[in-house]
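See structure below.
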């Protein structure tokens with residue numbers, strides 16, 4: 001885009017995580033292992049849920065979509081970050097930057113909404129167990145999934161449209177390892193007031209609606225579990241929620257820290273670390289969190305292993 005005598009650059013330069021040449025190769029190896037682990041665990045969980053009939057339940061349909069989102073999320077960010085460790089000139093095309101930002105917002109919003117839907121699913125399962133099969137049918141599950149992806153797409157479209165209106169005349173150096181809004185706002189030569197307002201409003205709307213849904217769901221879950229007399233019943237009810245609560249705490253805690261702060265508290269160096277955590281580390285942790293101590297997933301893995309051994 002052009003504005004007066006200003007022409008938007010065809011490429012941006014990403015500063016990456018560090019300029020220290022001694023750290024480039026060690027960091028490349030660390031994040032390559034993390035990315036490989038992320039893909040293997042998330043795609044493995046997607047395949048396991050798809051192949052095992054015992055896991056064809058609403059809870060695992062949502063978990064399958066969460067794993068897809070995490071795998072896609074990591075793929076949008078990590079490969080380019082890995083390239084910055086090896087390249088002397090860390091460039092990304094203008095179109096590539098816009099597409100990365102669009103995908104990033106789409107997947108972030110999808111994860112917010114998925115975590116909220118998963119909390120509602122746990123609420124229905126624990127608080128209304130007799131009605132659960134009729135309320136959370138497969139058709140309802142897939143409608144919820146399609147709906148949340150549609151909302152995420154619209155949110156991403158609005159943010160990306162706002163970004164396309166900005167001009168970048170003075171600098172094309174993005175002080176980050178991917179194309180995020182705040183670093184791009186920093187180098188914009190046009191006003192970003194509306195863009196920043198949109199980030200706050202949209203972020204507050206989606207994050208707060210997700211958090212409120214999760215909080216209300218868990219208030220009712222706790223009240224229901226407290227009334228269960230048997231210790232085994234209480235343990236079983238809580239055990240289905242602990243992994244979700246861990247995932248929610250990690251993801252929402254980091255995102256709130258990142259995006260719902262005032263501009264005065266904004267620090268690019270601090271945000272690089274926070275961004276690294278929720279774009280690279282959390283997608284690796286989620287499948288481990290949901291699989292760890294999950295008897296149904298372990299049983300499904302045993303069945304798959306036994307079938308493979310029998311076939312051979």
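Backbone N, Cα and C atoms are what each Cβ position is placed from, and that goes for glycine too.
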Residue 10 vs residue 270, same side of the membrane according to Swiss-Prot: yes
Cβ contacts the transmembrane segment (101-120)/the transmembrane segment (27-49), at least three under 8 Å, sequence gap 6 or more: no
Other CB atoms within 10 A, centred on residue 179 (disulfide bond): 25
Model confidence over the topological domain 'Extracellular' (165-205) (mean pLDDT, whole number): 90
Distal contacts, the transmembrane segment (140-164) - CB-CB under 8 A, six or more residues away: 1, 58, 61-62, 65, 98, 101-103, 105-107, 109-110, 113-114, 117, 181, 184, 194-195, 198-199, 202, 206
Leading contact stretch, 27-49, 58-79, 206-226, 272-292 vs the transmembrane segment (240-260) - CB distance under 8 Å: 272-292
Cβ neighbour count within 10 Å of residue 97 (disulfide bond): 23
